[in-house]
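So the structure is just underneath, and the comments pick up after that.
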Amino acid sequence: MKKDYYETLGVTRSSNKDDIKKAYRKLAVQYHPDKNPGNKEAEEHFKEVNEAYEVLSNDDKRRRYDQFGHAGVGSSAASGGGGAYAGGADFSDIFSAFNDMFTGGGARRGGSPFGGFEDAFGGGGGGGARRRASSGIHGTDLKIRLKLTLEEIAKGVEKTLKVKRQVPCEVCNGTGSKTGATETCQTCHGSGEVRQVSKTMFGQFVNIAACPTCGGEGRTIKERCTACYGEGIKLGETTVKINVPAGVENGNYMTMRGQGNAGPRGGAAGDLIVVFEEIHHETFTRNGHDVIYNLAVSYPDMVLGTKVEVPTLDGAVKLTIPAGTQPETMLRIQGHGIGHLKGGGRGDQYVKVNVFVPKEVSHQDKELLKDLRKSSNLCPNAHHDSESKSFFEKARDIFS
């Protein structure tokens, strides 16, 4: 089973493009084959990182992946060799990765041999923290499980759920401040970031991180709201509508942007991740887009043929059992299976026919069965012997 692309890059579902790009650069440097010659494990990690970045750096692919998982992007993501480079990653990512190889990772170093490329493509450090200062702290993602019947999965369904999550505080309107007043953070002086400078034999390195005092916001609260203790969020309950497409499977999930926990002090809300769980069906067995129904038929009906009523996911339908039907025969009812996730009709229902053998019979039925047993036409060995004889053996039997 493929690893989640967000886990591969070590980012969350609410991460923006800059966070994803930064994580990709760091991992690309860490697992690059030039830094790990002959290391097959590092090579595999490098391919996984490239594949994940190709999807998550593309808005359309990321949207489909968030909604349907790996099934949503299909073969569009690289399967090992090409990765982000083959998928069209911009040159700034490539040059930045090489820059990191020369400078020791994610930190910036003065006098980088690739500084010109970095400036040309907007790869300068520090922007991420400043952007966080203007947008606040993101809320966390929320994951729930949604149980579905096979009937609901077959055609898709709309579900309305009540979800407990962090919501903006009504008293302070999510600001976390009792009066609404804020002041410039004394630690970062409003930049939302702090810098740590270290000197090595290779030069001076500057590591930039979000300010721990204000969380990257650049401002702090003067007087905290007593209802939410300055967080700007409280536990609440909201109602969400979920449009479940036909054809989902166990473990498939849908990401609902901005429906997760609200961010502290006005920060953007995280995502709601709905994981689908198929309820075991007592009548049908699922096989991909098809369903299987086991039907027991009496011996006379198997021999003579009959019409029976069988259940489907859409209601009962009439089914013809042809004369001479053999046990384990699969009869198809077209279009009564599971809808395809990406559209294009539904699968089929297969009816597996078997002989019904009663455990107890009446005296009269026993006598009838004894008479039937005497018939050579009902003896499987007689049929087998007859079919296995050669032409000359059959001719000899006729004239002897």
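Glycine is no exception: its Cβ is also placed from the backbone N, Cα and C atoms.
Residues annotated as Zn(2+) 1 binding site in Swiss-Prot, with sequence analysis given as evidence: Cys169, Cys172, Cys225, Cys228. Swiss-Prot lists Cys185, Cys188, Cys211, Cys214 with the feature Zn(2+) 2 binding site, giving sequence analysis as the kind of evidence. The domain 'J' feature in Swiss-Prot is assigned to 4-69; the stated evidence is sequence analysis. The repeat 'CXXCXGXG motif' feature in Swiss-Prot is assigned to 169-176, 185-192, 211-218, 225-232. The zinc finger annotation in Swiss-Prot covers 156-237.
Across the zinc finger (156-237), DSSP classifies residues as 0 helix, 41 strand, 41 coil. Listed stretches 185-192, 211-218, 225-232 were compared with the repeat 'CXXCXGXG motif' (169-176); the greatest number of C-beta pairs under 8 angstroms is found for 225-232. Counting every protein chain shown, 21 other Cβ atoms lie within 10 Å of the Cβ of Cys185 (Zn(2+) 2 binding site). Sitting within 8 Å of the Cβ centre of Cys169, Cys172, Cys225, Cys228, and not among those site residues for Zn(2+) 1, are the Cβ atoms of Glu170, Val171, Asn173, Gly174, Thr175, Gly176, Ser177, Lys178, Arg224, Thr226, Ala227, Tyr229, Gly230, Glu231, Gly232, Ile233, Lys234. The separation of Cys185 (Zn(2+) 2 binding site) from Cys225 (Zn(2+) 1 binding site), Cα to Cα, is 18 Å.
Same-chain residues at least 6 positions away in sequence with a Cβ under 8 Å from that of Cys188 (Zn(2+) 2 binding site) are, in sequence order, Val194, Cys211, Thr213, Cys214, Gly218.
Contacts of Cys172 (Zn(2+) 1 binding site) defined by a Cβ separation under 8 A and a same-chain sequence distance of 6+ are given as Lys178, Gly180, Cys225, Ala227, Cys228, Gly232, in order along the sequence. Break the domain 'J' (4-69) down by DSSP state and the numbers are 47 helix, 0 strand, 19 coil. Each residue contributes its Cα atom, and for Cys169 (Zn(2+) 1 binding site) and Cys185 (Zn(2+) 2 binding site) these two points are 22 Å apart.
Its own atom aside, the Cβ of Cys228 (Zn(2+) 1 binding site) has 24 Cβ atoms within 10 angstroms in the protein chains shown.
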